[in-house]
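Data first, discussion second: the structure below is written as structure tokens.
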Amino acid sequence: MTDVNGAPADVLHTLFHSDQGGHEQVVLCQDRASGLKAVIALHSTALGPALGGTRFYPYASEAEAVADALNLARGMSYKNAMAGLDHGGGKAVIIGDPEQIKSEELLLAYGRFVASLGGRYVTACDVGTYVADMDVVARECRWTTGRSPENGGAGDSSVLTSFGVYQGMRAAAQHLWGDPTLRDRTVGIAGVGKVGHHLVEHLLAEGAHVVVTDVRKDVVRGITERHPSVVAVADTDALIRVENLDIYAPCALGGALNDDTVPVLTAKVVCGAANNQLAHPGVEKDLADRGILYAPDYVVNAGGVIQVADELHGFDFDRCKAKASKIYDTTLAIFARAKEDGIPPAAAADRIAEQRMAEARPRP
């Protein structure tokens, strides 16, 4: 079902002619009193209620917002399937600059729209929305995760996200070098924010050599002051050219692997927390042609979604960490499937996810 009454022609064209097809439901939301304009996209509920965050962003057009919601919802179906969750994929986008129009009234109105879906969609934080925002949304909608601990939530998910990426690195090491240990391996991390700085801690604890960069020089300085063994370089271009780099971890913006970076990348493995690391589908073949092993981003960075899903059942950190530790086995299985089928790891991950969704019991 798609609610389309009064939708502009370009929005309808995006809905029905997108190459990200197959969505079960798309809801266009508007609340004039608060200024809310939003899109909720449910790609699949085959595995269970759709789970995915709410992005608050100043899209150039409503059609662009719809296209982003469709793409992100589809991605969440695959991420949740590979994380072993009993959840399908969904995503919501709120149109507008959060610095200008975000208000309690708007978030409450949004919560009412999510609640109207009766549990088919469970929301959480994403770009432009935060724990405090989810606390407000939850006042109107019980299908809300990513809340503060004071309001029954789990809070910051960066700890488990970094732990999952770390497990992905260990799996890549096992596959490529026959040993999961990262001791004496050189790992370059681009982006040492909430996730990246936790990743630094995991790697140092195991005895890895760590090289970092970030556009925020004060953040880099804080890390090198705490850990004098960490080496800082000027920018990502310098990082990907570091001699004897074993693993490259993009942990900032998407599109880090592109036609400019892949030809000069010195690492043997790419495994990081950033979303949408491949600038276009052909990039993974370029990596394979250079003998670089790619750990699919949506598989290794699933620690965060594992946490918000667990919140629905009463958050337990140890239970979540045990689930996130399985990212190691999942990543190994992807590498094995890729080798068996003669395809890149990202394509292998997609096949495994699609198989799990296809085998799931259809839900009304």
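Each residue, glycine too, has its Cβ placed from N, Cα and C.
A quick note: this is a predicted structure, and the numbers were derived from the prediction, not measured.
So that you can see what the record holds, here are the features copied from Swiss-Prot:
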ACT_SITE  K91  active site
BINDING   G191, V192, G193, K194, V195, G196, H197  NAD(+) binding site
Check your understanding: To test your reading of the NAD(+) site: which residues beyond G191, V192, G193, K194, V195, G196, H197, same chain only, put their Cβ within 8 Å of the Cβ centroid of those residues?
Key -> S158, S162, I189, H198, L199, D214, V219, C251, A252, A273
Check your understanding: Cα-Cα separation of G191 (NAD(+) binding site) and K91 (active site), in Å?
Key -> 25
Check your understanding: Where G196 (NAD(+) binding site) and K91 (active site) are concerned, what is their Cα separation in Å, rounded?
Key -> 24
Practice item. Only counting partners 6 or more residues apart, tell me which same-chain residues put their Cβ under 8 Å from the Cβ of K91 (active site). Key: I40, A41, H43, G52, G53, T54, R55, A69, L72, A73, G75, M76, D126
Revision key, fill the gap. Reduced DSSP state (H/G/I helix, E/B strand, rest coil) at K91 (active site) is strand
Study note, to complete from the structure: The number of other Cβ atoms within 10 Å of the Cβ of G196 (NAD(+) binding site), counted over all protein chains shown, is 27
Review point. For H197 (NAD(+) binding site), what is the tally of other C-beta atoms lying within 10 angstroms of its C-beta?
Key: 22
Review point. 10 Å Cβ neighbour count around G191 (NAD(+) binding site)?
Key: 25
